[in-house]
Amino acid sequence: MYIQNLELTSYRNYDHAELQFENKVNVIIGENAQGKTNLMEAIYVLSMAKSHRTSNDKELIRWDKDYAKIEGRVMKQNGAIPMQLVISKKGKKGKVNHIEQQKLSQYVGALNTIMFAPEDLNLVKGSPQVRRRFLDMEIGQVSPVYLHDLSLYQKILSQRNHFLKQLQTRKQTDRTMLDVLTDQLVEVAAKVVVKRLQFTAQLEKWAQPIHAGISRGLEELTLKYHTALDVSDPLDLSKIGDSYQEAFSKLREKEIERGVTLSGPHRDDVLFYVNGRDVQTYGSQGQQRTTALSLKLAEIDLIHEEIGEYPILLLDDVLSELDDYRQSHLLHTIQGRVQTFVTTTSVDGIDHETLRQAGMFRVQNGALVK
């Protein structure tokens, strides 16, 4: 798939912009704080209905406007798909093929993107929350059902935490509702964990040969989804549910004492190992960067395997963060397969073959010129 054109209205520092893209490589050049990252973010938001930079949607709307609009024409194997996302202070509304989607979880998945920005190099050494968000965003692109389950889990988790707070402060003494909320949480938590386990195994399958290639065969990458659950079959929904019930039974008094849910997928993590050693703790910066790059490149093949289309790759000021060898490996891997957007302050360092087939855009103060 590829984006044929994009139109922005009142998005960040863009008053209005219309762009036609090449279906292979598009390079966006400009000084810092001119709007390069905003353009990349707009493509990502069109795809995911949320930003990778902020959870406050109001920041996406131009300061003097009431709403922002992103429109794009996505080309797939079976034809063109117009997409539109309107962001207002009341919320977001998305259209696919001119049809308004009742839920954003139904909207997500029509356009698949992979964002690789400098902060993604912290995927390995960052907090568990960073890695959980990575899993949730990437699984959601290929599984709308997962987004629904995750949203439901977060809703029930919030309700359960609220009730635990009431028990903690003795505003409530009857624990019957806690049992009801626990049963509801367990059912959906099991679904979330199973999907994360399956995704982690798929990601490892694709990331291992990529990592081996970058490390010249010297390193083996393995992934482990880390959860406090103790189950013999990690993909058995009923066994995971039983394990959660047992955990919550043991934690009940401690949860009431603290007023918060102490077990569940919201506390899980993904661990990365290189040659059997935890790369977050013991890996060099080079190994950590190779791991992050391998994971991002693995997503390309994983998404293609799931939906039969290659996603769009967004490289936001990340090439300058990679040494020549890793940069060359990245560009060689995607060449000819994936529509790619690259932002940079200078074309120095980008190989001539990539530039030869690229559409070139210059951005200054929210204005774009091809």
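Just so you know, glycine gets a Cβ as well, placed from its N, Cα and C.
What Swiss-Prot annotates here:
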type    : residues                               : note
BINDING : G30, E31, N32, A33, Q34, G35, K36, T37 : ATP binding site
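Known features from Swiss-Prot, placed on the structure.
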residue : record           : contacts (Cβ under 8 Å, 6+ apart)
G30     : ATP binding site : K36, T343, T345, R362, V363, Q364
E31     : ATP binding site : T345, Q364
N32     : ATP binding site : T345
A33     : ATP binding site : none
Q34     : ATP binding site : V363, Q364, N365, G366
G35     : ATP binding site : R12, N13, Y14, V363, Q364, N365, G366, A367, L368
T37     : ATP binding site : R53, A117, D316, D317, T343
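Annotated ATP site G30, E31, N32, A33, Q34, G35, K36, T37; additional same-chain residues within 8 Å of its Cβ mean position, judged by their own Cβ, are N38, T343, T345, V363.
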